[in-house]
Amino acid sequence: MKQSSSIIILVSGGMDSAALLWLAKKEFDKVYAVSFDYGQKHRVELDFAKKLTEEAGVEEHFIAEVPHLKGIKGSALTDRSVEIPSEEYPEGPPVTTVPMRNLNFLSIAASFADIYEIENIGIGVHSVDSPYPDCRAEFVSAAEAAINASSVMVAKKKNRITVYTPFLGMTKTDVLRIGLELGVPYEKTYSCYRGTIPPCGECATCRQRIEAFRSVGLEDPWFKKER
């Protein structure tokens with residue numbers, strides 16, 4: 001049953017945010033989306049985010065410019081002098097970490113939530129097999145507290161904004177299974193950190209995506225071999 005409320009989803013164009021978008025369509029009355037241009041090497045993901053939000057039929061899709069992240073040095077996603085590794089994720093934070101990225105993104109999404117009086121903000125983080133610090137439950141609860149403490153809407157209406165994270169505690173394969181049940185068009189999603197068409201198939205996010213499909217007995221649509 002749908003909740004009689006609204007939500008704004010952080011949509012990157014990748015697998016997890018697509019699954020969250022389709023789940024939100026099922027669970028909420030009004031669904032908005034926001035994507036971010038932050039100087040990422042894989043900026044092509046925004047084209048896929050647009051296609052996904054159009055197919056999902058969201059109320060509105062915002063593209064937020066985040067220029068200050070474009071100057072972040074040391075992250076392979078934004079620093080042109082740092083190569084995207086051809087390896088799986090390490091145990092600790094990888095070189096593809098953009099410091100405070102999700103905190104920046106949630107803050108921007110919260111601004112839209114305040115303006116449009118949206119009660120929920122959705123982010124498709126899954127902490128079990130993610131090496132990123134800002135995909136953990138501790139981060140989500142702290143971000144939610146900060147959003148509510150600074151929200152004009154909350155101050156006026158006395159209701160809370162919830163950071164909706166239904167995939168927290170799941171693996172990427174778990175999220176994929178949910179997306180398949182919901183009918184997510186995975187052929188319209190994109191996950192490669194190198195920003196190539198077709199995806200490189202070698203970077204950590206490509207590898208994790210390919211492995212998730214293998215785990216459910218399927219081939220990634222991007223790498224499906226002709227029979």
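Here the Cβ of each residue, glycine as well, is placed from N, Cα and C on the backbone.
The ATP binding site annotation in Swiss-Prot covers VAL11, SER12, GLY13, GLY14, MET15, ASP16, SER17, ALA18, ALA19, LEU20, LEU21. Under the heading Zn(2+) binding site, Swiss-Prot lists CYS192, CYS200, CYS203, CYS206.
Structure coloured by features recorded in Swiss-Prot.
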{"residue": "VAL11", "record": "ATP binding site", "Cβ contacts under 8 Å, 6 or more apart": "SER17, ALA18, LEU21, ALA33, VAL34, SER35, ALA49, LEU52, THR53, HIS61"}
{"residue": "GLY13", "record": "ATP binding site", "Cβ contacts under 8 Å, 6 or more apart": "SER35, GLU45, LEU46, ASP47, PHE48, ALA49, LYS51, LEU52, THR189, TYR190"}
{"residue": "MET15", "record": "ATP binding site", "Cβ contacts under 8 Å, 6 or more apart": "LYS172, VAL175, LEU176, GLY179, VAL184, TYR186, THR189, SER191, ARG209, ALA212"}
{"residue": "ALA19", "record": "ATP binding site", "Cβ contacts under 8 Å, 6 or more apart": "GLY124, PHE167, VAL175, LEU176, ILE178, GLY179, LEU182, VAL184"}
{"residue": "CYS192", "record": "Zn(2+) binding site", "Cβ contacts under 8 Å, 6 or more apart": "HIS42, PRO199, CYS200, GLY201, CYS203, THR205, CYS206"}
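Taking the binding-site residues CYS203, CYS206 in turn, the residue surrounded by the fewest other Cβ atoms inside 10 Å of its Cβ turns out to be CYS206. Most buried of the binding-site residues LEU21, CYS200, judged by other Cβ atoms within 10 Å, is LEU21. Neighbours of SER17 (ATP binding site), defined as other CB atoms within 10 A of its CB across all chains, total 27.
Taking the mean position of the Cβ atoms of VAL11, SER12, GLY13, GLY14, MET15, ASP16, SER17, ALA18, ALA19, LEU20, LEU21 as the ATP site, the remaining same-chain residues with a Cβ inside 8 Å of that point are ALA49, LEU52, GLY124, THR189.
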